[in-house]
Amino acid sequence: MLAAQILINALVLGCLYACIAIGFSLVWGVLNVINLMHGSFIVLGAYLAWGLYRSLHIAPWYALLLAAPLFFAIGYLIQRVILNRVITAPVLVTLTLTFGLDLILNNAMIYYLKADYQKLSLVPPMGSVSLFGVVVPVDRLVATVAALGLTFVLYLILRRLRVGRAIVAVRLDRDAAVLMGVDVNVTYAVAFGLGAALAGCAGVLMALIFPISPLTSTAYLGKAFVVCVLGGLGSVSGALAGGILLALIEGVGSAMIGPAHATTLSFALLIVFLIVRPQGLLGRKGFE
Amino acid sequence: MVRSRLLSRSLVVAACLGLSISAASAQDVIRFGAPLPLTGPLAPEAIKQQQGYDLWAEQANKAGGIAVGGKKYKVEIVYADYQSNTPRAVQTTEQMITQNNVNFLFSPFGSGAAKAASSVSEKYKIPTIAATASSSQVYDQGYKYLFGTFTPNDTLTTPLTKIVTAKAPDVKKVAILARNDLFPLAIAQEMEKSAKAAGLEVAYFEKYAIGTLDHSATLSQIKSLAPQWIFVTGYINDLLLVRKQMADQQIKAPVVSMIAGPAYQEFIDAAGASAENVTSAAWWHPAAQYDGKDIFGTSANYVKLFRDKYKSTPDYAQASASVAGALFQMAIEKAGSLDKDKVRDALAKLDVVTFFGPVKFGPNGQIDSLEPPVFQIQNAKPVVLSPQVIKQGDFKLGVN
């Protein structure tokens, strides 16, 4: 029974990890930008959900409808106004730039929202469901379904919509895409906007489960990093596989060698993957 | 030309006057340094400490200041934020001594940072009071200038264990989960000793990493062991998270204890119904009834003053910070001097009842005269179970 419980915990948590990582993976894999603001975007999304519920009693699933366009706009503008200026520079330049922007964003959050933890507590609480002795909290289930939904929407955008195909085309061959009439700057901004929107939505879902503080942004960013390396960049299904793998390692590792070492274990695996399989489980060669 | 020379001369005169005024006022002030984690994960605790110091400073200044040899000195507290980063706490402490010229110090928050910073205050021979450090490792360094207002950790776990074993003889198996941090881990280790000494089986003892967000796998494992007593340590945010995830997984036990969170009103407010019957222990409680010789007088008067200023009930962290200030005040007045060694000796010799309880420092500098209260959340209020003199109710079994 314990094994079944740990497995279910890992599956649910894995979907949430995938949701945290997918926007990060998109931006890294497609734009070749390691967006260190990603964790702060997630935290901002969580604050948005918390604020809407606290002041207007708007449930987090409705907050998603606001978070998606709002964060898309923020991401779009950041890309157009700031990042686009250095998009063709080596990856270290964009990395440093997003690091600096994240410092500003995170410190602004600490200043205005304080370092204290906030918690979005739904009234009445959603409780848990129990099946054959295996218990799953309903809020995690709701967040998991929503996370899977978001992942599927991104998949459809990239596969079915013209803008999605343009995003992939620009990543594969920027010059050829220009010749085919693709506006590269707009496409990059749309991709970055999508990444930000996914981060904001992930934040809304995380607010249902975890406490909210600007300081948690590093934890989210760390998870996103590991998931991307495990799953592979530029792959929607890779993010999902990476998320579930990470949650499994943490869950089983915690039971086998103690919770204090679970994070160490996941980072050790990350190093192994970087050496043995840098493209990740489902990533495409050339995207690593 | 003449005008500009006049102007520059008058500026020089004004600057000199300003200097002499500030020098005079500096002489009339006693500066206390308080490095605190005002931002970062420990910020909620830091704000409590700051409230406690500020209340004391306000009361001391209202009474004219601290009397030293027939002269009254105003209290000034110099705060600095070390952002919940222990190495920075050490740096900040040194800066306060060398640049801010503080006369005396309050330690940074918690056992870990207090221990780290104590090496600096000892080096400069600055009398220091730790208001929130309980682990004996902080005081067992052989330092002369460090004092602490929290009794050792076993003074919390032993009375708690006695109450549980007396009132719930069916409790045989204990699970302990501790934040991997100096104070929470030390208190968990004391709990393990107290439980074993009482003949209980410690079926689970694990640490979780600082910053852990998901405890579900750990809690599933604890649930599978079916302990009758679940004991969790950490800071308020950790404990709220663990308690919520326990409820998510429908983990129930006759006894659930958490240190240190339930002493704070924020824990009760945030945990809601799941806080019910959670037991804990702390170094002070607003129900205490001491008739102190310090500036606050009775415990009831302290609670009243605190409520008037902050519109909330004080908890042990705020009270400990206030008493740390009040103890400095008494020691300085007794020493009749601002000389650091004389004040240090006066602190070492203190044997006095305060609103916080009887205060007497042991040979290692840690207080050894207090009997910390054990309490339980009942009907959304902390109810004191022991010691007998301030007991408010009886222990109840069952945490759902």
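Numbers run from 1 along the shown chain.
Even glycines carry a Cβ here, placed using N, Cα and C.
According to TrEMBL, the protein has these features:
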TRANSMEM  A:6-28  transmembrane segment
TRANSMEM  A:59-78  transmembrane segment
TRANSMEM  A:90-112  transmembrane segment
TRANSMEM  A:132-156  transmembrane segment
TRANSMEM  A:188-212  transmembrane segment
TRANSMEM  A:224-249  transmembrane segment
TRANSMEM  A:255-276  transmembrane segment
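Between the transmembrane segment (A:6-28) and the listed ranges A:132-156, A:188-212, A:224-249, the one holding the most Cβ pairs under 8 Å is A:224-249. With a cut-off of 8 Å between Cβ atoms, the residues of this chain six or more beyond the transmembrane segment (A:132-156) that come close are 1, 4-5, 8, 12-13, 15-16, 18-19, 22, 26, 61, 64, 122, 125-126, 164, 194, 198, 201-202, 205-206, 208-209, 236-237, 239-240. Of the recorded ranges A:90-112, A:188-212, A:255-276, the transmembrane segment (A:59-78) has the largest number of C-beta contacts under 8 angstroms with A:188-212.
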